[in-house]
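Database features (Swiss-Prot):
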BINDING   14, 16, 100, 248  Zn(2+) 1 binding site
BINDING   16, 17, 18, 42, 137, 220, 252, 264  substrate binding site
BINDING   100, 137, 175  Zn(2+) 2 binding site
MOD_RES   100  N6-carboxylysine
ACT_SITE  248  active site
């Protein structure tokens, strides 16, 4: 196995940066590794139009470390009230790269999301015409559906319909967690891609539940059984261009995670590429990490690949037990544990 990896600088095609004082943490950590990142719009209130996206983009840019060229790629939050004109205006701005479908109530700050897929069919048509990709949080929210089955049900009830009705629409099935999702993406057209997180590659529901509940493994979509984890590893390391890096790094203050009703989300941005390297090394596939992290996503979005490089070295280091997060603190994934790869710090 190699002791050093030189990779074309990767991008993160799904990240939560939050807002306000949190940006000093999240933007710094993301910019350490990534050239660009697709920024999720689920703020309070959400980012619903080009004006709000532009203002949020400026706040992110202001939080970048000195001399950083990190580029936030903005997205819109789809609601039942989104209009085709919102889509056309956003596309024309040049800095909005996608729109996000959150089924109402599916995850953090999704209460303003779409209540019925049919409500946004005119919007999806406008997106297809404008060439604006659709990002999908693929879970149904019916109370009678088991939380471990929500992704499969979303495919059957919603995603199949979307793709059949809008075959020219680019769709990213985000943070996939099941063998069903892998198979769906593999057998769909080239307009359908998927992001995979490091934590879904490295962990399954046993890590979260066996021997005590570990709240910092709790995320949505929730960790699944090991057979699904294995399917994700197969997909990520296969070389299939439909699968690419998206951390879904989602920070919450420590008190909000370690609570009787804790928030969903794992914070991985501080060591994202190191965690992916561990996952790929499990499959003896480090030679395929660069394509997954640095090629496939940019190619899917039709954006030029980065031209600079990063270097990873095989060197153990200990993840911080706690990190500052605005006025609070957060506990990152793998807090206090050893990581096997380390990113050499270089300015972009």
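Each position is counted from 1, following the chain as shown.
The backbone N, Cα and C atoms fix where each Cβ goes, glycine too.
A Cα-Cα distance of 18 Å separates residue 100 (Zn(2+) 1 binding site) from residue 264 (substrate binding site). In three-state terms derived from DSSP, residue 18 (substrate binding site) belongs to neither a helical nor a strand segment and is classed as coil.
Within 10 Å of its Cβ, the residue among the binding-site residues 14, 18, 137, 252 with the fewest other Cβ atoms is 18. If you take the Cα of residue 220 (substrate binding site) and the Cα of residue 175 (Zn(2+) 2 binding site), they are about 9 angstrom apart, rounded to a whole number. Here residue 14 (Zn(2+) 1 binding site) is compared against the binding-site residues 137, 252, 264, and the shortest C-alpha distance is to 137. A 10 Å radius around the C-alpha of residue 248 (Zn(2+) 1 binding site) takes in these binding-site residues out of 18, 137, 175, 264, in sequence order: 175. When the binding-site residues 17, 220, 264 are compared by the number of other C-beta atoms lying within 10 angstroms of their own C-beta, 264 comes out lowest. All protein chains considered, the CB of residue 42 (substrate binding site) has 22 other CB atoms within 10 Å.
What surrounds the Zn(2+) 1 site, by Cβ distance within 8 Å of the Cβ centroid and not counting 14, 16, 100, 248, is the set 15, 38, 40, 42, 135, 174, 175, 246, 250 from the same chain. Cβ neighbours of residue 175 (Zn(2+) 2 binding site) (same chain, under 8 Å, six or more residues apart in sequence): 14, 137, 195, 196, 197, 200, 221, 246, 248.
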